[in-house]
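Residues or ranges marked as domain 'CSC1/OSCA1-like N-terminal transmembrane' by TrEMBL: 5-168. Residues or ranges marked as domain 'CSC1/OSCA1-like cytosolic' in TrEMBL: 189-346. Feature annotation from TrEMBL assigns domain 'CSC1/OSCA1-like 7TM region' to 359-623. Positions annotated as transmembrane segment by TrEMBL: 6-27, 97-116, 146-166, 360-386, 453-478, 558-582, 603-624.
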Amino acid sequence: MIVSALLTSVGINLGLCVLFFALYSVLRKQPCNLKVYAPRLVAEGRAGKRSHFNIEGLLPSAGWVRRAWQPSEDELLNSCGLDGVVFNRIFIFSLRVFSVAAIIGIFVLLPVNYLGDHLRDIDFSDLPNKSLDLFTISNVKDSSNWLWVHFSAAYFITGVVCYLLYAEYKYISNKRIAHFSSSKPQPHHFTVLVRDIPSHGRSSLSDTVEAFFMDYHPSEYLASTVVCRTSKLRGLITDTENLYRRITHLKSRPSSSQNQSHTGFLGLFRKNGDLMGHYEKKLEDLKQNVRLQQSDTSTGREEVPAAFVCFRSRYGAAKALHIRQSTNPTEWVTEHAPEPHDVYWPFFSTSFTQRWISKLVVLVASVLLIVLFLLVVAFVQGLTYLEQLEALLPFLKNILKITVVSQIVTGYLPSLLLHLVASLVPPIMKLFSAMQGYIAISEIEKSACNKMLLFTIWFLFFANVLTGSVTSQFQIFLDPKTIPERLAVAVPTQASFFIAYVVTSWTSLSWELNRTITFISDLISRHCSKTNDDEFQIPSIPYYSEIPRVLLFGLLGFTYFLLAPLILPFILVFFCIGYIIYRNQLLNVYQPKYDTGGRFWPIVHNSTIFSLILMQIIAVGIFGLKKLPLASSLILPLPAVTLLFNDYCRKRFLPIFHDFSAETLIKKDREDRNDPAMEEFLDKLVAAYRDPALMPIRHLTNSNDRTSPLLSSEV
């Protein structure tokens, strides 16, 4: 029944993939919907538009696969930054690892498992109806010498993964250095963020910062920009932008009249006369308030004890960053400055008390999210057992007796529900990270990525494997000696569920390709929104949600490599489809909003090491349950060797992802010393970290230009 349900879920999923692929082909070839499919392609003028109907536009086409495959990695680097290359390398690394794992699992481990305990009772004609247990290590006899095949496979795959991890870490580290050495001067390479600036009586913070760095860094200091509190100003600017969009929407309506009026009962709503004139007058008032607020803020009365300090060289900025500036370690605290467009300005407007309360709120909300999701997992797991479902919903008993319905409910619906619920978590994690006080959007998303990874590993894996209450799940870790044995018992029982989960993920890839949710929301906004905002905005790829999702399949692959190798082909298909789809999205759909220089890779490395150690711990428990104590003892060195390998990689490569060496910085500074454009860059660097809310505003009165922004910079 389990295999039949699995085959049913595969059939349903393939049907959905075909449907989504057909929808994608329609969206891909219709000019009006290019904004949905390929906004970056449209923005860069690389989208071909058709002026007449063509039946070919309704037929599926695989031409996009060739166009996504052709660009080299250097072209991907120039287009998407080093973060895009790192995301692409995750798929390349996974394809290499699981190609080897799938060959061993399918052609070596799977036959051993299947033939292990039923050599005389095999009935190949009834193969689809046999239990999935026949394909797992549970089917091998206790103390069987065939278990040494699994033992050898564990050592072999560990060696392969460590070799490929080392090669990938080295490759990306060299890529990071090469990318920095070949890049043009960037503001964040010459700038340091200084926090906790002490106040000195009558002197303003701007004067204090200027005096301090002129005194202690006279040869390297260039300029500083003190951060101002602009929360009220940002609110006014938002209201101004919304009102401007409403005006442009009214002007764009053919039926709209310049003399619209509003009447109401008993004079509660007075006649306004010229509605457009009313809005334009209100807009002028808002603009005047914005200018007044900007003028008040610029006087220094709303300064925050934080400043962006710019230096004349990269090495000078690095010295200021790594040397403690004051005898009091809590003052003049320095940290990396993000890229100017990566700064999360609203954070600077919060006080210390507000940040402390926010962290407390995040902690409480995280606990509530844990409890809520555990309830969802318990419900999803209940769907995999018809007996529990019939007891919970007795009126469905007759319906559940239908074979097709029971197979869909137990084989496809649980994983689909889990996908839908998990898709709601990333925005929540990003909100939690934003509330924690990070001053860069990239740092917020890195923090959200770590949260999502913990959430994915614990709740999407352990919460499904270790069924029961929260207390019973944590009790397993209170007695470390029993962890391998308990995992070895619990993990194989959920093999069919996770295989169905992987297959269901193929549908999510097709949704990513089609951008179906974006398409629906765009239709709703076009027909229901009062502002009708047609300003073209290119989305950025949400690394914080996509990287943990990809790493989850690596965790499943490693965990079930020895236990249920039947999952490996499905995971390999996922990585194959994901590789080409995400290359297409990176090139044609998304545009990077920041570039961390590949700093997401250490997260990928650590997650892979964890998955590898988890596989080894489960192997210890499996060989113990199978009464092969010698194999169980000989597996014990594997986790220790893996941790030593990880420690070596951390010392060898991780510092490169934190900071660049003096050798690299000085060499780059010397190259730029004779560059005539360097003086112009330093002149622009002075104003690079000016808060956008303090920029002068200019109202564009051309009503025909509906895509022009309300606010523009005038430096």
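For all residues, glycine too, the Cβ spot is worked out from N, Cα and C.
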Inset, instruction - Would you report the average pLDDT that the model assigns to the domain 'CSC1/OSCA1-like 7TM region' (359-623)? - result: 78
Legend entry - Leading stretch by Cβ pairs under 8 Å, where the reference is the transmembrane segment (603-624) and the options are 97-116, 146-166, 558-582: 146-166
Inset, instruction - Grab the same-chain neighbours of the transmembrane segment (97-116) for me: Cβ-Cβ under 8 Å, and only residues 6 or more beyond its ends, written as numbers and ranges. - result: 122, 134-137, 139-141, 144, 146, 149-150, 153, 156-157, 160-161, 164, 554, 557, 561-562, 565-566, 568-569, 571-572, 575
